[in-house]
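Heads up, the thing below is written out as structure tokens.
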Amino acid sequence: MSQLHRGMHKKPGMFPPKEVLEEVDAGSGSDTETEETVECTEEEEEQDETDGLGDLGMPPPKKTTKSAASPTVPAPALIPSLSHLIGLEGKQPSRKYAPAEWPQYFKQKISVARDNDTFNVLYTPPDDSEAPVYVFHHGAGSCAESFALLSVRLREMMHEERFQLAATAKIRDENKLPGMIAFDARGHGFTEVESTDYSLEAFTNDFAFIVANVVAEFGLTNNLILVGHSLGGAVVTNACHLKLIQHPVIGLAVLDVVEGTAIESLASMQQILNSRPKSFPTVEKGIEWTVQSHTIRNRESACVSVPPTLISQHDGPGMTWRTDLMLTKPYWKGWFTGLSEKFISCAPAKLLILAGTDRLDKDLMVGQMQGKYQLIVFQESGHFVQEDAPDKTALSLIDFWKRNDKVNKTVPLFGAFRA
């Protein structure tokens, strides 16, 4: 039997009154977080496909019609110069890249023990037994905090909606805010696992273990919605396909990963990983590089999701990547093989959110035409859709829950996104 240890930190009030959120139209562009999201030029957008450096499951870099050897048009750099970002004079970084911490986004931090392994879990309990619990799995090279901003947006928007309904006497209460479960996968963040097995099977068994133990520890009876980004999408899909979650699952949401393009991108992944800076003088410089390289476009999200992916160097000053993704290379193809077929065959309602329409493979195109899952496309988002566009992602997940939860009796206020 595993042991769960509750964190010492709790955050009591996360949802002060906010302005009424404007309805987001299906064809709208990026979120309205203009101060948090770094804008990019058309030239930079052409390189977006090579910017998802912290995760796998990306399409191959787009080809340019201009010669790299042209004396007048130099080849575009895959990564911004590290010396440019750090500054040759050693000037201090702007405080706008100051690291943020998990208590601003989750209410509890707990440890789930299994033999000699310890999993780091971030948890926010649901406010009502009828509210859903979203269970998140991050992608390769990322961490639980990749869903931090999304978690807050989900509860804020749900609170705002129920406040409006209560004000018009359409409901009797406003306490059905969703719960959140996010954790660091093996080899990532602050989770400590002895094994170096990074197969899909190992990740999937870990996921099922975490869900079972958190549900049991807190006595949750709520319906679950599984949400996975990139590699995490393959993990939650596999767990659902194998029926490893012994608790009601009403929804499966996969964020920006498609089997066909994921496997195609593997040929360029080593080049992309080798092109990343190997170290940073400070955590703030790591955040700055992540934002300026458009790996994550939302500065607020990067400030909380990047720090756990860095660790102090053993052989000198500065920070380096916590997860050595090259150690996972033997498992890359196995992560995504069969993903589309498994996703389409899963019993719960299914949602696929993509950053671009060109990423559907044949199986998914056929399944989408047959109405086997809901497809939403964020045209102006990068690979980390939950971080780049947390408002749109939250609205989509709320609408997805309301469409598929038999317990829910309210009509969504938010307009649905359409493919």
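Cβ from N, Cα, C; glycine included.
Listed features, source Swiss-Prot:
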ACT_SITE  Ser230  active site
ACT_SITE  Asp256  active site
ACT_SITE  His383  active site
COMPBIAS  1-12  compositional bias 'Basic residues'
COMPBIAS  32-52  compositional bias 'Acidic residues'
REGION    1-75  region 'Disordered'
Packing count at His383 (active site) (other Cβ atoms within 10 Å of its Cβ): 31
Mapped DSSP class for Ser230 (active site), helix or strand or coil: coil
Separation of alpha carbons, Asp256 (active site) and Ser230 (active site) (Å): 6
Rounded inter-Cα distance in Å - Asp256 (active site), His383 (active site): 6
